[in-house]
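Feature list (source: Swiss-Prot):
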{"type": "BINDING", "residues": "8, 139", "note": "Mg(2+) 1 binding site"}
{"type": "ACT_SITE", "residues": "8", "note": "active site"}
{"type": "BINDING", "residues": "67", "note": "Mg(2+) 2 binding site"}
{"type": "ACT_SITE", "residues": "67", "note": "active site"}
{"type": "ACT_SITE", "residues": "139", "note": "active site"}
């Protein structure tokens with residue numbers, strides 16, 4: 001059983017999603033957005049750091065998963081996104097969480113089945129996978145999708161030297 005925190009970083013809106021993995025079952029614990037209303041970037045970064053730290057304290061996740069920075073058409077936007085991502089990762093590292101990174105196309109492929117999926121498709125599949133009554137807001141859905149992707153990619157994560165691993169039918173389990 002593991003609690004996974006997914007983060008969809010943004011300099012104005014940072015989405016978060018928390019799920020628990022119990023075997024093959026994924027259980028929704030919470031999601032939302034950290035909104036930064038202040039105009040200056042340093043204050044926004046401070047709010048993102050504080051918000052992510054608060055979420056970590058509230059949910060006590062075992063793992064932190066975050067979307068990788070993609071190349072934006074606007075270099076200034078990409079730099080701001082990278083800074084927002086950096087303070088979110090810093091909050092995780094300061095709380096001794098392992099950090100895992102996933103590309104946006106990888107997340108969409110994992111959750112929807114195609115790397116070119118749009119936001120509404122991601123929202124729909126997150127709702128379906130986690131059995132939610134309504135689709136989460138786009139940024140929160142992206143964060144939940146990142147957490148789901150971590151579960152998919154690490155379902156059979158091998159820990160070298162783990163004495164509990166047993167070779168069964170050609171697979172380490």
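The backbone N, Cα and C atoms fix where each Cβ goes, glycine too.
Looking at residue 8 (Mg(2+) 1 binding site) and the residue listed as 'Mg(2+) 2 binding site', their Cα atoms lie 6 Å from each other. Note: the Cα of residue 67 (Mg(2+) 2 binding site) and the Cα of residue 139 (Mg(2+) 1 binding site) are spaced 12 Å from each other. The DSSP secondary structure for residue 139 (Mg(2+) 1 binding site) is helix. Residues within less than 8 Å, Cβ to Cβ, of residue 139 (Mg(2+) 1 binding site) and separated from it by at least 6 positions along the same chain comprise 8, 10, 13, 14, 15, 33.
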